[in-house]
Amino acid sequence: MAEKRNIFLVGPMGAGKSTIGRHLAQQLHMEFLDSDTVIEERTGADIAWVFDVEGEEGFRIREEGVINDLTQEQGIVLATGGGSVISKESRNRLSARGVVVYLETTIEKQLARTQRDKKRPLLQTDEPREVLEALAKERNALYEEVSDYVVRTDDQSAKVVANQIIQMLEER
């Protein structure tokens, strides 16, 4: 992969976007960015606080702005938030400004990977499985719509998935 084109990772929470993104960026000698981390840096507060104070709608407005800004960078690997594809504008920007890889995983893996994470406001409920199932129903088609590639992450290490993505990009 001679040119350093942007790589955008989309998928549900717990799919491994941040972990795989770090491996991918390191192996490709690219900068790694995480849209949720950038939102926290810009607001000076964590995502849960933004959700509490501004609600999901306020968070999504911030997220759309961050996606717009970050997708204009060059030579980055970007891990997006699980809900970033809700915005048509964000989907258009992701598609137009880089290669989009959908990291797909099962509800069971999502539950296992997120069960102790208190930084996920949508999962602060007694029924996280139901929430994840509802989110999958709402978002999976959007992930597929925006993606150039789909990679299943269930039983593979982040390093293996990163290598699979690199191989796909080299064959492109």
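Backbone N, Cα and C define each Cβ position, glycine as well.
Sequence-distant neighbours of T19 (ATP binding site) (same chain, six or more apart, CB under 8 Å from its CB) are A158, listed in sequence order. Positions annotated as ATP binding site by Swiss-Prot: G14, A15, G16, K17, S18, T19, R120, Q156.
Annotated Mg(2+) binding site per Swiss-Prot: S18, in sequence order, evidence recorded as sequence analysis. For S18 (ATP binding site), the count of additional Cβ atoms within 10 Å of its Cβ stands at 16 [all protein chains shown].
Under 8 Å, Cβ to Cβ, and six or more positions away along its own chain, R139 (substrate binding site) finds P12, G82, G83, V85, I86. In three-state terms derived from DSSP, R139 (substrate binding site) belongs to a helical segment. Summarising the annotation, Swiss-Prot assigns substrate binding site to D36, R60, G82, R139.
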Env. residues of substrate site, Cβ within 8 Å of mean position of D36, R60, G82, R139 Cβ:
M13, E63, T80, G81, G83, S84, V85, I86
Distance between G14 (ATP binding site) and D36 (substrate binding site) at the Cα atoms, whole Å?
14
So which of the binding-site residues is most packed in, judged by how many other Cβ atoms lie within 10 Å of its Cβ, out of G14, A15?
A15
Within 10 Å of the Cβ of G16 (ATP binding site), how many other Cβ atoms are there?
24
Taking the residues the record says bind substrate (D36, R60, G82, R139), how far apart in Å are the two Cα atoms that sit farthest from each other?
18
